[in-house]
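Record features, source TrEMBL:
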type: BINDING; residues: 12, 36, 37, 38, 39, 40, 59; note: S-adenosyl-L-methionine binding site
type: DOMAIN; residues: 27-108; note: domain 'Methyltransferase'
């Protein structure tokens with residue numbers, strides 16, 4: 001089995017990826033944007049879910065881009081473009097084309113990123129956050145743009161041994177914020 005390479009701050013945990021992707025409503029042939037792609041783990045899982053997906057992975061960190069490219073090669077993901085740039089810069093470019101679904105794992109200029117996704121009529125947007133301030137800002141911006149659908153607070157706990165028995169150790173809680181265009 002192929003092992004996923006890591007970068008600082010990642011990868012997104014499998015349980016969080018599963019919930020996040022279920023909220024994106026991916027369809028065969030969709031254009032999927034992984035913003036703040038980190039290790040590329042979300043893109044890899046998305047490519048397993050639907051046929052003929054077109055992936056655009058974006059991260060401003062060189063380390064993340066290097067690891068994403070290696071992971072895409074190891075998992076035989078050959079339907080992806082990878083961009084080492086601040087996400088708002090690349091998304092604003094006309095030649096980037098349409099966006100069906102966008103997963104945001106982390107980025108600067110989140111307000112501008114959401115504005116561009118709204119302008120490009122992205123059908124679904126899912127953002128993962130750990131900071132409460134980010135959650136509040138994103139929900140408010142999505143409401144302003146008439147995108148906000150729901151927010152989830154997910155806590156995953158994993159079993160761990162303790163004195164010959166089993167306990168649960170919680171992971172850091174994650175907020176999943178969901179936006180949809182064309183709700184009215």
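Sequential numbering from 1, following the chain as shown.
For all residues, glycine too, the Cβ spot is worked out from N, Cα and C.
TrEMBL does not curate its annotations; it predicts them automatically.
The structure, with features from TrEMBL marked on it.
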| residue | record | DSSP class |
| --- | --- | --- |
| 12 | S-adenosyl-L-methionine binding site | coil |
| 36 | S-adenosyl-L-methionine binding site | coil |
| 59 | S-adenosyl-L-methionine binding site | strand |
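Put simply, the two farthest-apart Cα atoms among 12, 36, 37, 38, 39, 40, 59, the recorded binders of S-adenosyl-L-methionine, are 14 Å from each other. Sorting the domain 'Methyltransferase' (27-108) by DSSP state (H, G, I as helix; E, B as strand; all else coil) yields 30 helix, 20 strand, 32 coil. When pLDDT is averaged over the domain 'Methyltransferase' (27-108), the result is 92. Residue 40 (S-adenosyl-L-methionine binding site): 32 other CB atoms within 10 A of its CB, across all protein chains.
Annotation for residue 12 (S-adenosyl-L-methionine binding site): spatial neighbours 20, 38, 41, 42, 105, 128, criterion Cβ-Cβ under 8 Å with sequence separation of six or more. Its Cβ placed at the centre, residue 37 (S-adenosyl-L-methionine binding site) has 36 other Cβ atoms within 10 Å.
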